């Protein structure tokens, strides 16, 4: 990666509403997106910015509001006390979600770097955390697009004479154990939509041991899914910023339309009541609070590096506090709203089949690819609603996919921008290469045994690895880099420091909450499984842990490399490795008119950086 090596290039930096020309020694981590050759060895590097602030907000909301808001939150809320779950959920939102999102936006916007190089400057000892976030985002992007492939398959199947999952009279159905509705307690029966998902879409085998053949229909749709991703992001934030006007807003129109339709159906009120009915006794369970914190963390997308990357394309003096509140509150409001929409439909299905809601409610892909298709089959104008619903899923997923691919491109451009552009000539070619690699690595998921690979990777990537990365990121920024430095960064961008609430959250609440989630995840670890009956063999579990270590291993490797690179005794090396290379005295300065003269504003950034390096790291 070459972090720490130097490349002497005179550079012109443009930030926000001002322009500052300076000559300085440029490290590779400051590589930017647009390279303009000049005479000799000189070059002018200029980083892209969002065309409008609204584009950044829509892209961030689109990334945060994903499929998990539709299939994960409603079921988790229902199982964790209904309306009572909103109490720990909102507490975790304000103590953990909003402060940490504000933190990541601040890092990205101030440094104007992706997560790898930004975190390397903030805490060299834990520079591996940044690379780990890139790896986990890339691994996630390789199988997340499989969900888009499934959504496309369902979407195209809504244009026939009837919905193919409406009956048991199809060639893929096993009539002996097929039910045209939900089978309830008859465990030997499967619904028609379940058989469509398993026997038509997946043609799934009996286990991960049986790879089976290639699903060529899904192969073609996977190509289409990656082609859509490429077309939408190949111009960087300039093209992504235009696409999100549709992909980030269209799902809300569909959710509103579905709500209006669903609440008129019989049984809908019962479903909503099941969703929101508070069970206050469940608040005494520690796991409910841990679930609330984990949901906030995963939904907003902290520790994936994506929010840092997207904020790095902001203007220097953008109001990130306002953007933080908009993104986090929109994400939570959408989760609650989607829960009402989903459970109104589940209540209707419970009424139609005379079953309790418990027998129908589920989470994960089964909710949107099995339960909800069955709901549409009983609605008037079913094909229209089904088409809109799967188009909505496609938009929800694409926004998240855009961001995950963009963070990888940002890393390559920040670290190797000049070298890459000398070889590939255009950034668009780099985006194409990233998409092609992601497509190739996604092929195992579209074999007949691919669903087992998908479930294995999702468990060990999104569940196991993420919390380790989250803990070390918070450790590096909040405790080693220090709240004073973070406050100074915010003040230089916004003209005033963050208030005491945010500083307390960064120093105390957020780190402790992340640590609790990590410990709980370890204590309550459960091996991966598919459905309720299939358990993975031992070699698959080993493979899963290897997948998890692919991202986590960079944290100790980065620490060992930094300690080896430093000189002196072990304690001298350790002290040097936790000293930021981000110089707050000279790195970037906003225009004088944006610096407040109030005592509160001057109290943090008037402290010289050398004084901060002497040990005053964690004070509020």
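Glycine is treated like the rest: Cβ placed from N, Cα and C.
What TrEMBL records for 56-74 (among others) is transmembrane segment. Counting residues 6+ beyond its ends, the transmembrane segment (56-74) has Cβ neighbours under 8 Å at 50, 147, 237, 240-241, 244-245, 247-249, 251, 275, 295, 298-301, 306-307, 310-311, 313-314, 318, 323, 326-328, 330-331, 334-336, 338-339, 342-343, 363-365, 367-368, 393, 396-397, 399-400, 402-403 in the same chain.
Marked as Na(+) binding site by TrEMBL: 62, 64, 65, 69, 299, 331, 396, 399, 400.
Summarising the annotation, TrEMBL assigns transmembrane segment to 86-107 (among others).
The transmembrane segment annotation in TrEMBL covers 128-156 (among others).
Under the heading disulfide bond, TrEMBL lists 168-178. The C-beta environment of residue 168 (disulfide bond), restricted to residues of the same chain at least 6 apart in sequence and closer than 8 Å, consists of 175, 178, 179, 180, 192, 195.
What TrEMBL records for 218-237 (among others) is transmembrane segment. Listed as Cβ neighbours of the transmembrane segment (218-237) (distance under 8 Å, sequence separation of 6 or more from its ends, same chain) are residues 33, 48-51, 55, 59, 145-146, 148-150, 152-153, 201, 243, 247, 310, 313, 398, 401-402, 405-406, 409, 427-428, 431-432, 435-436, 438-439, 442-443, 446.
If one looks beyond the transmembrane segment (244-268) by at least 6 residues along the same chain, the residues whose Cβ comes under 8 Å of a Cβ in the stretch are 55, 58-59, 61-62, 65, 232, 334, 337-338, 340-341, 344-345, 347-352, 379, 385, 388-389, 391-392, 395-396, 398-399, 402. Sequence annotations record features per position, and here TrEMBL assigns transmembrane segment to 244-268 (among others).
Annotation source TrEMBL lists transmembrane segment at 288-313 (among others).
Residues or ranges marked as transmembrane segment by TrEMBL: 325-350 (among others). Long-range neighbours of the transmembrane segment (325-350) within the same chain, counting only residues 6 or more positions beyond its ends whose Cβ lies under 8 Å from a Cβ of the stretch, are 57, 60-61, 64-65, 69-71, 73-74, 77-78, 86, 89-90, 93, 97-98, 101, 182, 252, 255, 258-259, 262-263, 265-276, 296, 299-300, 356-357, 359-361, 367, 371-372, 374-375, 378.
What TrEMBL lists as transmembrane segment is 384-409 (among others). The list of residues near the transmembrane segment (384-409) in space but at least 6 beyond its ends in sequence, with Cβ under 8 angstroms from a Cβ of it, reads 59, 62-63, 65-67, 69-70, 114-115, 133-134, 137-138, 140-141, 144-145, 147-148, 151-152, 154-155, 158-159, 163, 228-229, 232-233, 236-237, 240, 243-244, 246-248, 250-251, 254-255, 257-258, 261, 301, 304-306, 308-310, 368, 372-373, 376, 427, 430-431, 434-435, 438.
As annotated by TrEMBL, transmembrane segment applies to 429-454 (among others).
Sequence annotations record features per position, and here TrEMBL assigns transmembrane segment to 460-483 (among others).
The transmembrane segment annotation in TrEMBL covers 504-523 (among others).
Residues or ranges marked as transmembrane segment in TrEMBL: 543-564 (among others). Under 8 Å from some Cβ of the transmembrane segment (543-564) lie the Cβ atoms of residues 124-129, 131-133, 135-136, 139, 456-457, 459-461, 464-465, 468-469, 472, 528, 536, 570, 573-574, 577, all in the same chain and six or more residues away from its ends.
For the recorded positions given as 65, 178, 396, the lowest number of other CB atoms within 10 Å of the residue's CB is seen at 178. Only residues 6 or more beyond the boundaries of the transmembrane segment (429-454), in the same chain, are considered here, and those with a CB under 8 A from a CB of the stretch are 138, 141-143, 145-146, 149, 202-205, 207-215, 218-219, 222-223, 226, 229-230, 233-234, 236, 405, 408-409, 412-413, 420, 530, 534, 536, 540. Listed by sequence, the residues of this chain that lie at least six past the ends of the transmembrane segment (504-523) yet keep a Cβ under 8 A from its Cβ atoms are 92, 95-96, 99-100, 103, 286-287, 290, 293-294, 297, 463-464, 467-468, 470-471, 474-475, 477-479, 483, 486, 618, 620. Among residues of the same chain six or more beyond the transmembrane segment (128-156), those with a C-beta under 8 A of the stretch's C-beta atoms are 1, 67, 114-120, 201, 217-218, 221-222, 224-226, 228-229, 303-306, 308, 365, 369, 373, 386-387, 390-391, 393-394, 397-398, 400-401, 404-405, 407-408, 411, 438-439, 441-442, 445-446, 450, 453-454, 457-458, 461-462, 465-466, 469, 472-473, 476, 547, 550-552, 554-559, 561.
A simple way to gauge crowding: the CB of residue 62 (Na(+) binding site) has 26 other CB atoms within 10 angstroms, across all the protein chains here. The Cβ of 299 has fewer other Cβ atoms within 10 Å than any other of the binding-site residues 299, 400.
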